[in-house]
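Student: I'd like to ask some things about the structure below.
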Amino acid sequence: MENKLTIYNTLSRQKELFVPLHAPHVGMYVCGPTVYGDAHLGHARPAITFDILFRYLTHLGYKVRYVRNITDVGHLEHDADEGEDKIAKKARLEQLEPMEVVQYYLNRYHKAMEALNVLPPSIEPHASGHIIEQIELVEEILKNGYAYESEGSVYFDVAKYNKDHHYGKLSGRNLDDVLNTTRELDGQSEKRNPADFALWKCAQPEHIMRWPSPWSNGFPGWHCECTAMGKKYLGEHFDIHGGGMDLIFPHHECEIAQSVASQGDDMVHYWMHNNMITINGQKMGKSYGNFINLDEFFHGTHKLLTQAYSPMTIRFFILQAHYRSTVDFSNEALQAAEKGLERLTEAVKGLERITPATQTTGIEGVKDLREKCYTAMNDDLNSPIVIAHLFDGARMINTVLDKKATISAEDLEELKSMFHLFMYEILGLKEEAANNEAHEEAYGKVVDMLLEQRMKAKANKDWATSDKIRDELAALGFEVKDTKDGFTWKLNK
């Protein structure tokens, strides 16, 4: 298949044809979560966005090594160089070991990702497991003159780097702007410049997580982990680095600076960023206190939710917008997504009820849908356009089911194949099990109603109807027992 995939490169600010450095191999690194709390809708978006990319690249025949890290050390409060480590703080408040906090929330993150049908990455490295690599990175930057030691900590010299290179090329900022918007915080006097960022921090006596280094017992700066682990697993140069748009500055800007300062050039060819989930126009996030975690969505337990929403409803809701567009949360939007997904799912089920005719009449464009979906995917993963084409296909199916059109066996198989490929394999949607409480309650009411009709038939000595209801239910797996008070039943699974 000819490669026509274009992706928006944040670095060049334009769509570019995707050309892997070492085809058919593709290296992709995505910033994963800092595991000090439950994953929320904002965490679901990058996971789903880059899951789509992973799935599509794999479908196109590439051998993708997908690395998504786990931040379990070094991420300080407010994404700054001072303050308490987010995980260490949670551990202190909960009276747990930091790695207990990490493991608990990592297990819950994995469970949520599995529910959302997000494929696991090829490698999921932990920052705490790569301290040696991060120390080696800091040593290289020091050796090349772009960092300095101060009171046991090591800082990146942004001004020195900017003289030789361009600090701010990813975010479009210049150093003067950065300096004017960087606050001088207490305890930052050891920095030469407020814009300098920590590569290694000397740990205070109360800091739980610490490792020996040439400079002090301490811990790596937040930005080091991705540069070090990206290099370890994908090499000095790799294809794609992704993450949320909120990471462009400072995190990814600092990653580029670290890469250039340590090895002389940028490691990454394409930088990709998904936009934010918002609530009333404000970014959803733990630090804003306005987030709804995924478990609350799945069970409808948050005060802002009017009902529970299934994992596939959440996935479909996110895919209805292009990954570079903002998505504003509302119950109305989620309910519309729920209904839309149900329409598509019912249409796919309807395919199995269609008897093919000798030719297709009354509908046009069956064979064009596949190419249209490919065109949309190749246009920077334009999932909302793919979904629009799937709805076109659903309308064709419903027209045939309503006996207003006919479809040939060849076109019927094409629709089945096209829906399976784009809806399930590439967009990663799936049919959800119908054994939830709402469905079970509905089934129970129907069975009770039938058995009440059977009781009336027995009372009227209509044995034929009574036996027919019992036998039909038995054929469906329902075991019915008559009692002196009426009846009991159970479903034999």
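Just so you know, glycine gets a Cβ as well, placed from its N, Cα and C.
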Student: Quick one: sort out which of 33-43, 121-131, 242-252, 374-384 is the motif ''HIGH' region' according to Swiss-Prot.
Tutor: 33-43
Student: Just to be sure I understand the packing, how many Cβ atoms besides its own are within 10 Å of the Cβ of Cys226 (Zn(2+) binding site)?
Tutor: 29
Student: On a simple 10 Å Cβ count over all chains shown, which one of the binding-site residues Cys31, His251, Glu255 is most densely packed?
Tutor: Glu255
Student: Taking the recorded Zn(2+) site as Cys31, Cys226, His251, Glu255, identify the other residues of that chain whose CB atom sits within 8 Å of the mean position of the site's CB atoms, giving them in sequence order.
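Tutor: For the Zn(2+) site, the extra neighbours are His223, Glu225, Thr227, His241, Gly243, Leu247, His252, Cys254.
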Student: Based on DSSP, name the secondary structure state of His251 (Zn(2+) binding site): helix, strand or coil.
Tutor: helix
